[in-house]
Every structure is written in structure tokens, then in C-alpha cells.
């Protein structure tokens, strides 16, 4: 389980996302 804050944040790449979130296919961090 990644430590990912549960906020809806748009992204283009993993580095756009906080914590250990990654950029998902739908264009949001998760």
C-alpha cells in the first residue's frame, strides 16, 4: 500500500503527485 494523500490532483507524470502517489491513466494522482 502506497502512502498517498487522498486528494484529487491532476498530473502528467508521477513527480507531479505528492507522497508516493503515481500518475494514473485517467490523468489524476492515485
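Even glycines carry a Cβ here, placed using N, Cα and C.
Record features (Swiss-Prot):
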DISULFID  4-21  disulfide bond
DISULFID  11-23  disulfide bond
DISULFID  17-29  disulfide bond
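All features noted in Swiss-Prot, drawn onto the structure.
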residue : record         : Cβ within 10 Å
4       : disulfide bond : 14
11      : disulfide bond : 18
17      : disulfide bond : 21
21      : disulfide bond : 20
23      : disulfide bond : 18
29      : disulfide bond : 20
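Rounded to a whole value, the Cα-Cα separation of residue 17 (disulfide bond) and residue 11 (disulfide bond) is 7 Å. Between the C-alpha atoms of residue 11 (disulfide bond) and residue 29 (disulfide bond), the distance comes to 6 Å.
If you take the Cα of residue 23 (disulfide bond) and the Cα of residue 29 (disulfide bond), they are about 5 angstrom apart, rounded to a whole number.
Note: the CA-CA distance between residue 21 (disulfide bond) and residue 29 (disulfide bond) rounds to 6 Å.
Residue 17 (disulfide bond) falls outside any helix or strand according to DSSP and counts as coil. Here the CA atom of residue 29 (disulfide bond) lies 9 Å from the CA atom of residue 4 (disulfide bond).
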